[in-house]
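Features as listed in Swiss-Prot:
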TRANSMEM  1-21  transmembrane segment
TRANSMEM  37-57  transmembrane segment
TRANSMEM  61-81  transmembrane segment
TRANSMEM  109-129  transmembrane segment
TRANSMEM  176-196  transmembrane segment
Amino acid sequence: MLRLYFVALQFLAIIPIPFSFRCREEDLGRSMSFFPLVGLTLGLLLAGCDYLLALALPRPVADLLLVAILALVTGALHLDGLADVCDGLAARGGRERFLAVMKDSRVGAVGVVGLVLALLLKYQALFAVTTDKWETLLFFPMVARFSQVQLTVGSKRARQDGLGSLFIGGAGSMQVAVAAFFTVVTGWLLLGLPGIGCAAVCSLFTCLAKAWFHRKLGGITGDAIGCVSELNEILCLMTLVAIGGRF
């Protein structure tokens, strides 16, 4: 169990692990059960950084640094997926054209605009959190990592290569159930009803995104997983801002 957590951590973050372990290909799909716990680990890092930054910096600067820290510690992997999907949306053509543009290592103008807007929205949504900030910092990366599991399980591969193809088909209902349990229980313990409501909103969005990618591309890719993860981070923060003070 612990080994699978470290497999997930090694894939989702660039946090150094001070020991080596064997990772088999089938471990990648099985490790998705622990994706939300990796999100919680990232949240703990953000909460700790927030405590230290608040000692010396005004909140606007501290929150901007938190967004930067999250991007750095994840290697900007999911932001890259968001940019690629934005470029794919801007490309005129069918499925093959969309996939070809996403695979291109260069980032186009629409991808840059998408990145800037996403980072600004994430920063503004985080800055708008007025209550339960540490609880929010713990929870929103967790919800986004659960969305990766939800999007992946039961999906088809839009193409056979890429990082996403290693996970698609390797995880099943057990991984979704375990990941959902971790996410829902943590959301309830940290935030109560707003946490459950936020998880439900993000889960619904992920279902819609999953259907859209299957209709557009015939399946999902690693870029699609990263894009949906980034959008769910923003959606989670915005939802908590919208409903947090009502309960």
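Note that the numbers count up from 1, one per residue, in the order the chain is shown.
Cβ coordinates come from backbone N, Cα and C, glycine included.
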Contact call for the transmembrane segment (1-21) against the transmembrane segment (61-81), three or more Cβ pairs under 8 Å:
yes
Which sequence positions outside the transmembrane segment (61-81), separated from its termini by at least 6 residues, show Cβ-Cβ distances below 8 Å to it?
12-15, 42, 45-46, 49-50, 53-54, 115, 118-119, 122-123, 126-127, 137, 141, 144, 222-227, 229-230
